[in-house]
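Take a look at the structure set out below.
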């Protein structure tokens, strides 16, 4: 007997995507958006199948992601943002709540939610992860969600 193995393909054709983007640290966040859009387009998504929702900060990402997921207008959500450590515990609180909140949205709605939120120690690390030395985490998040949409379609 052979074990059946199911995987999601990397075709975005026909899928509808919501990008939920934090405006805080937007000069880096916009690079994540560009990376995500590049990935979606390269894998067959049409611009008409993508909606970008912008919210004030990373703390608001889960709320907007949940609204997008529950709208019935999207097959997946890509959450993008940039949280850079400062000199207070604020970073730890925001990073933890955004992470937990986005995971909860995926579990509650059964809509794939990709985590493209940078949590870095400094500005240099954030810039590296938005398209210079360490690739573009927006692109990576879009790739993840494309695969998850196609995996979900096989259940």
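Glycine residues also receive a Cβ, built from the backbone N, Cα and C atoms like all the rest.
As recorded in Swiss-Prot:
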type     : residues                        : note
BINDING  : 24, 58, 59, 60, 82, 83, 84, 115 : 5-amino-6-(D-ribitylamino)uracil binding site
BINDING  : 87, 88, 129                     : (2S)-2-hydroxy-3-oxobutyl phosphate binding site
ACT_SITE : 90                              : active site, proton donor
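Annotated features taken from Swiss-Prot, shown on the structure.
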{"residue": "24", "record": "5-amino-6-(D-ribitylamino)uracil binding site", "Cβ within 10 Å": "18"}
{"residue": "58", "record": "5-amino-6-(D-ribitylamino)uracil binding site", "Cβ within 10 Å": "28"}
{"residue": "59", "record": "5-amino-6-(D-ribitylamino)uracil binding site", "Cβ within 10 Å": "19"}
{"residue": "60", "record": "5-amino-6-(D-ribitylamino)uracil binding site", "Cβ within 10 Å": "19"}
{"residue": "82", "record": "5-amino-6-(D-ribitylamino)uracil binding site", "Cβ within 10 Å": "29"}
{"residue": "83", "record": "5-amino-6-(D-ribitylamino)uracil binding site", "Cβ within 10 Å": "23"}
{"residue": "84", "record": "5-amino-6-(D-ribitylamino)uracil binding site", "Cβ within 10 Å": "18"}
{"residue": "88", "record": "(2S)-2-hydroxy-3-oxobutyl phosphate binding site", "Cβ within 10 Å": "8"}
{"residue": "90", "record": "active site, proton donor", "Cβ within 10 Å": "12"}
{"residue": "115", "record": "5-amino-6-(D-ribitylamino)uracil binding site", "Cβ within 10 Å": "20"}
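Of all Cα pairs drawn from 24, 58, 59, 60, 82, 83, 84, 115, which the record names as binding 5-amino-6-(D-ribitylamino)uracil, the longest spans 16 Å.
Between the binding-site residues 87, 129, the minimum number of other C-beta atoms within 10 Å of a residue's C-beta occurs at 87.
Among the recorded positions listed here, namely 87, 88, 90, 129, 90 has its C-alpha nearest to that of residue 59 (5-amino-6-(D-ribitylamino)uracil binding site).
Residue 88 ((2S)-2-hydroxy-3-oxobutyl phosphate binding site) and residue 58 (5-amino-6-(D-ribitylamino)uracil binding site) have their C-alpha atoms 16 Å apart, to the nearest angstrom. In this structure the residues listed as binding (2S)-2-hydroxy-3-oxobutyl phosphate are 87, 88, 129; their two most distant Cα atoms lie 23 Å apart.
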